[in-house]
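**Student:** Annotated active site, charge relay system per TrEMBL: A:S153, A:D235, A:H275, in sequence order.
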There are 2 protein chains.
Amino acid sequence: MSALKVEAEIYNFGGRLLKLSHESLVNNCSMGVNLYLPKQYYEGKTKIPVLFYLAGLTCTPANGSEKAFFQPYADKYGFAVVFPDTSPRGVKIEGDDETWSFGTGAGFYVDAVQEKWKKNYNMYSYILKELPTLLKTKYTQLDFDNKSITGHSMGGYGAIMFFLRNPNEFKSCSAFAPILNPSKTNWGIKCFGGYLGESESDKKLWEKYDPAEIISSNSYKGPVVPILIHQGVNDPFYKVKGDYDYLTPNEFLEKIKGSNYEKDVTLKFVDGFDHSYFFISSFSGEHAAHHAKYLGLLD
Amino acid sequence: MSALKVEAEIYNFGGRLLKLSHESLVNNCSMGVNLYLPKQYYEGKTKIPVLFYLAGLTCTPANGSEKAFFQPYADKYGFAVVFPDTSPRGVKIEGDDETWSFGTGAGFYVDAVQEKWKKNYNMYSYILKELPTLLKTKYTQLDFDNKSITGHSMGGYGAIMFFLRNPNEFKSCSAFAPILNPSKTNWGIKCFGGYLGESESDKKLWEKYDPAEIISSNSYKGPVVPILIHQGVNDPFYKVKGDYDYLTPNEFLEKIKGSNYEKDVTLKFVDGFDHSYFFISSFSGEHAAHHAKYLGLLD
């Protein structure tokens with residue numbers, strides 16, 4: 001596995017934000033990732049827990065690093081934050097730059113099976129396996145056995161999907177305006193269809209990535225750890241009375257009725273808030289406290 | 001005077017960020033400005049103090065709003081924040097877009113006297129008079145008689161310059177990596193020269209805008225209120241051993257020796273930090289506390 005290269009090391013609050021790059025063997029391209037190491041890291045602490053922040057459509061590692069504002073809380077509680085990219089970049093597949101909601105910036109955290117995409121679009125394996133393995137080799141003070149996951153929009157879907165599909169992997173999960181039932185939304189249909197295929201048998205694979213479908217399946221026996229979700233009522237992608245709801249929180253709540261999770265999803269509808277990073281930064285402190293609890297960082 | 005138009009109203013923390021536009025009579029163009037109204041505003045409080053944040057070269061009202069992170073502290077202490085633009089835009093003067101350090105995005109907070117620029121480049125009068133007058137007419141819960149000022153780089157210079165030139169106008173002042181002796185720097189020489197002129201008599205006017213010159217002049221009798229300044233030691237524009245120092249903090253410290261201000265400038269050199277918004281957001285909490293004290297917001 002190729003080494004991580006430190007492109008920039010930026011002092012930020014009590015720690016440092018590292019802009020890293022590396023060759024990805026699962027995506028077959030160079031990838032960028034940002035890593036915030038909290039003040040405890042520089043004080044020499046070991047076994048520092050890790051929070052993954054998965055960004056939404058179009059985003060790079062920069063958006064969350066600059067605007068989600070997890071860093072002061074990372075210092076407060078003592079966890080590192082990983083800000084991965086949202087897709088491979090620069091791989092030049094025909095059609096990868098036609099729209100902001102498919103291809104570049106829109107990897108949708110799946111492993112593609114369609115011939116055209118499967119060489120490069122493997123964000124599921126990238127986030128779950130390749131990236132943590134790579135990071136823990138270099139940053140040995142971090143404890144990748146004690147990690148949690150959060151995300152926004154497409155990344156909120158990703159966070160919940162990773163959490164539910166891999167019950168022993170993450171200690172806790174939260175999301176900001178996630179796409180909760182992606183198989184039923186324009187964004188999900190486009191990305192699942194493109195990367196996984198559109199036939200009826202292909203759609204069986206969609207279900208394995210869809211948080212609402214995973215939870216509502218009879219086979220789901222994951223541990224019940226509360227999932228914290230915020231959804232802005234003025235979010236333009238949440239239109240309960242509009243033509244289409246891209247985020248589908250209510251469809252999700254309906255689907256989980258009767259599941260282990262019925263009482264363990266805290267989905268807070270917050271009046272007035274939109275879909276922007278102004279919304280995310282307003283609640284990142286509350287999400288950080290949620291994760292700190294399950295990462296064992298609260299007294 | 002033309003009215004302010006609310007282009008967007010964004011929920012953020014406990015308050016709202018307003019994106020405003022208006023016709024400027026002093027700059028003869030349409031201007032944008034952002035205003036953060038803290039939670040106390042929506043609780044009906046009146047006499048809310050105001051902090052002006054002046055941004056650096058190239059910035060719009062967006063940069064500080066998205067990345068300086070004053071909003072949670074505005075809620076904590078109970079002050080509003082004004083994020084003005086850094087120049088007129090769209091006025092189409094020949095040469096206004098040739099470089100990022102002169103013209104558009106680089107108004108340098110002066111009132112131009114050179115024929116080519118004087119119709120539009122009057123950021124001094126805009127920030128000091130037109131903008132507060134306009135805002136207080138519409139937002140009557142804000143107290144523009146109880147205001148402070150801060151800024152970054154060119155805006156840090158601006159903050160200190162406004163504070164020193166107008167002793168009764170602002171309760172307190174702070175700055176992040178300000179250009180402290182602009183007459184002696186590339187940026188200052190270019191902007192002062194372009195807007196104010198380059199003759200020896202023109203240069204008398206430069207002195208009225210230069211914080212180091214104002215303080216060190218024998219005539220300065222302003223009140224002594226401590227100015228809080230942070231300067232990152234790894235800031236690429238602060239090169240004590242390099243060819244040129246764009247920010248000139250040490251020149252400033254030298255100049256103020258023997259002045260009223262000698263003991264009242266707290267200039268903190270902070271190891272490792274650069275010139276970015278990662279630096280600003282790391283210290284905005286400390287600056288907010290400084291202003292809260294002089295705005296009478298601490299118990």
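Positions of Cβ are set from backbone N, Cα and C atoms, glycine also.
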**Student:** For a quick check of packing: other C-beta atoms within 10 Å of the C-beta of A:D235 (active site, charge relay system), how many?
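**Tutor:** So the Cβ neighbour count for A:D235 (active site, charge relay system) comes to 23.
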**Student:** I'm trying to understand the geometry here, so how far is the Cα atom of A:D235 (active site, charge relay system) from the Cα atom of A:H275 (active site, charge relay system), in Å to the nearest whole number?
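**Tutor:** Distance (Cα to Cα, whole Å): 5 Å.
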**Student:** In Å, rounded, how far does the Cα of A:H275 (active site, charge relay system) sit from the Cα of A:S153 (active site, charge relay system)?
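**Tutor:** Here the two Cα atoms lie 8 Å apart.
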**Student:** Over all shown protein chains, what is the count of other CB atoms within 10 A of the CB belonging to A:S153 (active site, charge relay system)?
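**Tutor:** So the Cβ neighbour count for A:S153 (active site, charge relay system) comes to 26.
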**Student:** Determine, from DSSP, whether A:S153 (active site, charge relay system) sits in helix, strand or coil.
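**Tutor:** In the DSSP reduction, A:S153 (active site, charge relay system) maps to coil.
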